[in-house]
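What Swiss-Prot says about this one:
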MOD_RES   A2  N-acetylalanine
DOMAIN    8-43  domain 'EF-hand 1'
BINDING   D21, D23, D25, C27, E32  Ca(2+) 1 binding site
BINDING   D57, D59, N61, T63, E68  Ca(2+) 2 binding site
BINDING   D94, D96, N98, E105  Ca(2+) 3 binding site
MOD_RES   K116  N6,N6,N6-trimethyllysine
DOMAIN    117-149  domain 'EF-hand 4'
BINDING   D130, D132, D134, Q136, E141  Ca(2+) 4 binding site
Amino acid sequence: MADQLTDDQISEFKEAFSLFDKDGDGCITTKELGTVMRSLGQNPTEAELQDMINEVDADGNGTIDFPEPLNLMARKMKDTDSEEELKEAFRVFDKDQNGFISAAELRHVMTNLGEKLTDEEVDEMIREADVDGDGQINYEEFVKVMMAK
């Protein structure tokens, strides 16, 4: 199933994986997953974290090793409930819940994920997604960017 992903998608997932894999050992533990989830304002229980790991953990070793998320991502990208996941992701970015992602909100989330971006990089990300040119990203623009990945 992972063979349905493009090289670009695989390298993006590898980059995302490394944001979770804090110690760089090639495995994501429940502790590392919890750290990232909490940095995004979520508060999962240990059992929820273990369930998330189990959903992806193909070899049953209790952690997520890199190739494992690829099959999950290929499945998720085909899922019809991705609409709800997109709405949830948008809500994570849209801190003040005004229906728009501002440069400050984008910078905040990316910083929490460990991505130190310059103002220029954040502005460039906004510009790429900002179809109507109002300087922020609305839900429709967000969906376009996420579906284009």
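A Cβ is built for glycine as well, from the same backbone N, Cα and C atoms used for every other residue.
Computed from a predicted structure; not experimentally measured.
Residues of the same chain lying 6 or more positions beyond the ends of the domain 'EF-hand 4' (117-149) and with a Cβ under 8 Å from any Cβ of it are 9, 12, 86-87, 89-90, 93, 99-103, 106-107, 110-111.
Around the Cβ of T63 (Ca(2+) 2 binding site), the same chain contributes C27, I28, T29, I53, D57, each under 8 angstroms and 6 or more positions distant in sequence. Spatially close to D23 (Ca(2+) 1 binding site) yet at least six residues away along the chain are E32, judged by Cβ distances under 8 angstroms. Around N98 (Ca(2+) 3 binding site), a 10 Å sphere centred on its CB holds 10 further CB atoms from the protein chains shown. Ranking the binding-site residues D21, D59, E68, D130, Q136 by the distance of their Cα atoms from the Cα of D96 (Ca(2+) 3 binding site) places Q136 first. Taking the centre of the Cβ atoms of D94, D96, N98, E105 as the Ca(2+) 3 site, the nearby residues of that chain (Cβ within 8 Å, site residues left out) are F93, K95, Q97, G99, F100, I101, S102. Nearest to E68 (Ca(2+) 2 binding site) in space, judged by Cα atoms and limited to the recorded positions E105, K116, D132, is K116. In sequence order, F100, I126, A129, V131, G133, G135, I137, N138 are the same-chain residues whose CB sits within 8 A of the CB centroid of D130, D132, D134, Q136, E141, the residues recorded for Ca(2+) 4 being left out. Of all the Cβ atoms in the protein chains shown, 20 others lie within 10 Å of the Cβ of E32 (Ca(2+) 1 binding site).
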